[in-house]
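Data first, discussion second: the structure below is written as structure tokens.
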Amino acid sequence: MKVLVIIALCFFILQTALSEDKYESFESYVEDLKSGNMKGEARECIPLYNDCKEFKYNNNCCKDPEKKYQYKCSCIMCEGGEEQCTCQRKETVENMMKCVRFVKKVVEKVG
């Protein structure tokens with residue numbers, strides 16, 4: 001039962017994290033994971049207001065003056081080969097990466 005809840009949570013996080021036009025369904029995302037197509041994944045990028053690419057963790061967008069949350073610079077590869085980075089809450093980035101690793105392990109065991 002716990003596994004189903006974790007998979008459901010991962011599904012929700014992945015669906016919100018992935019662009020809808022890139023992946024129409026979770027099944028296609030899993031197929032890409034199985035085939036290894038995710039390594040050089042490029043996405044269409046949008047203009048950013050909190051770009052942290054140049055400074056990574058030292059950028060002001062990654063600092064919370066009230067020290068309420070920790071932020072982490074999260075990057076994706078754009079279609080033109082350019083990297084785009086934004087600051088996100090550290091917990092969000094780490095939870096998303098845990099879900100991706102979990103889904104990869106499940107796919108390896110099932111596939």
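Each Cβ is built from the backbone N, Cα and C atoms, and glycine gets one as well.
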C75: disulphide-linked cysteine among C62, C85, C87 [source: Swiss-Prot]:
C85
Please name which of the recorded positions listed here, C73, C75, C99, V110, is nearest in space to C87 (disulfide bond), Cα against Cα.
C73
Taking the Cβ of V110 (valine amide) as the centre, count every other Cβ atom within 10 Å, in any protein chain shown.
8
Among the recorded positions listed here (C73, C78, C99, V110), which has the Cα closest to the Cα of C85 (disulfide bond)?
C73
